[in-house]
Amino acid sequence: MKDKLVKAIAKDGQVRIIGAITTELVNEGVRLHNCAPTAAAALGRMLTAGALMGTTLKSEKDTLTLQIHGGGIAKGVVVTSYADGHVKGYIGNPTADIEPNSKGKLDVSGIIGKNGNLLVIRDMGLKEPYIGQVPIYTGEIGEDLAYYYTVSEQTPSAVGLGVLVDKDLSIKSAGGFIIQMMPGADEMLADLISYRLEEIPSITEMISKGMTIEEILEYIFEDMDLNILESIVPEYRCDCSREKVERALASIGQKDLKEIYDEVKEEELKCHFCNKAYAFSHDEIGNILESYYNEK
């Protein structure tokens, strides 16, 4: 099933929905970072959440960054997303892996940890970005985001995120949804949706059966006048470049850069998001010193 993200409403706008299949997107992120199974599930859930939330941005220049740091062996997960559905991310420890939890599922909470915070950072080109922060609720990511929306944005929300890792460590299925009750929505409607979400199969199970994201949402919102508003293709895409890495190298400061120039013949930097390596020769480091600090 091809990746697809849709935005929809139900019950005459009382409910706002963003849903997506993200199997290929997550597969690419997991491949780039060579993740162990539990790390793959954690990164995949965050990438899916980022893709969903990024589409709420107003401008293509805006960015949304999700960070979760719970003190666990995952060493944090960071994802940055954009309005057009493209997303990038990394996990601090891609080899993080532990035994399944009591339900036989990959123990994402176990590697994330619960001693920390979930941050949502919206950079809309203003002087300061908007930063929302809540304590980690369960470490399962979906429940943490639902808690964030309810506490930080006062929007009752249900967030479902799923990643099914195959035996060969590829991603068999991945996807998710964010369901939000709009101001003035019928409380009984919220109860009905909550009941349905408890009764349905997992989103990865539905994707594995070949259901499209539209069919999944139709199944959840049967008899609720689901109205699909728009659709896009979410994608894992890193926008790193040699120029950006050069600026990052220059930003460490004149003193540290001079030490590198004096001590090494070559400096290699890797992009956090895609692991692409950029090598700078001794002469190139000297040129950076000269162009940024008029020193060599």
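All positions are counted from 1 along the displayed chain.
Placed from the backbone N, Cα and C atoms, the Cβ positions cover glycine too.
Take the candidates Cys35, Cys271; Swiss-Prot pairs Cys274 in a disulfide bond with Cys271. For Cys271 (disulfide bond), the count of additional Cβ atoms within 10 Å of its Cβ stands at 19 [all protein chains shown]. When other Cβ atoms within 10 Å of the Cβ of Cys240 (disulfide bond) are tallied across all protein chains shown, the result is 18.
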